[in-house]
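Feature list (source: TrEMBL):
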type	residues	note
TRANSMEM	50-74	transmembrane segment
TRANSMEM	86-115	transmembrane segment
TRANSMEM	121-144	transmembrane segment
TRANSMEM	164-183	transmembrane segment
TRANSMEM	220-239	transmembrane segment
TRANSMEM	251-273	transmembrane segment
TRANSMEM	285-307	transmembrane segment
Amino acid sequence: LHICKFSFQFTYPKNMNRIIEYGSVDAIPYYNCSWKSFEEWEATGVKKPWFGYPLVVFGIFIEFLYIPIIYIIIKTNLIRHPCYKIIIMLAMIDMSATCCSCLITGPLLIIGSVYCMYPTFTYVAGGFALNTWCMACAATVSLFANRIISIGFREYADVIEKKLAYSSIAFVLFYGFYIYYFTPSLAYNSDIMAWLPDPLSEETPSKEAAAMYKNTIQAWNNWIFVTCMFVLFSVYFAMVKRLAKGQKSKASKAIFIQCSIICFFNTATALVYNTLAIVTPAPWILAFGHICWACNHACPAIIYVTMNDTIRREFYRLVFRRHLTQKVEDGTSSAAVGKTTATSQSKI
């Protein structure tokens, strides 16, 4: 009996292919909402158009901002640089994540949605939201690691950078596939203003249901990501400062600002959602966490058009029909810093 019980627990599906296993979302154990009507479930949600509409507008703006950026990177042949290959992939991930954090979540807030109002859509969208977040984490860490290795082994950069870029892309894509198909999905709740592992669909919560919803991969992803970002940020900035030989450099200053922005939004989002697995924070903290999530995927686009000389120049020429003269690199910047940061002043 114990052997059978262990076998059942071991093979119990805890992934996105539950839909394939059971045929529909409603048929998945502990995800059945039939004990209440649509109107009753609708009454449990809270409409928050004051938050939803700005998210939608912000998301549309960011999506349109990314389009010319990707076009410029390809048109100017920046994509020939290995790190820009990762940046293109990261831009695509950020656009997908913005769709989840703004263009999907915004309307759900406007109508006051809970999981059981639109279970199939919310289940699939929740898996997509988790997938894009984890892929963005992996891509950001890969980009930092790529830059550090390129600086640390400058004499071999031409040989290893391309291989590192393709290896990083392969890793991120594999990681995203694993997250989407082999980890539990998330469900949005407008009252709590967050994507939760628990769809809150059960009349009587149980240990079996809690085990079905538990997503340890998400928590591990967030903690590992925050740790890696702190370590890599410290190492990367120290290496750039060392190459600049302690002089004040526009390149090193720009990198510090960019890294600080990225680390802040990444860390805040990860910590809020890890806290949510333990307790339910105050509404303003949850709103702050969601804003950080949206900004985390939006700030790279803003960084590209404000702090990357090539992209900014081409962006103004393409969008505003204005020509910006190319700035001369700060004289206090060393040649080494210029070489190692010229292709990295974008997301990193």
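Placed from the backbone N, Cα and C atoms, the Cβ positions cover glycine too.
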Chain residues outside the transmembrane segment (121-144) and at least six past its termini with a C-beta under 8 angstroms from it: 16, 19, 25, 31, 83, 86-87, 89-90, 93-94, 96-97, 100-101, 104, 108, 113, 115, 168, 171-173, 175-176, 179-180, 183, 185-188, 195, 199, 215, 217-218, 221-222, 225, 228-229, 232-233, 236, 262, 266, 269-270, 293, 296-297, 347-348
Cβ contacts the transmembrane segment (86-115)/the transmembrane segment (285-307), at least three under 8 Å, sequence gap 6 or more: yes
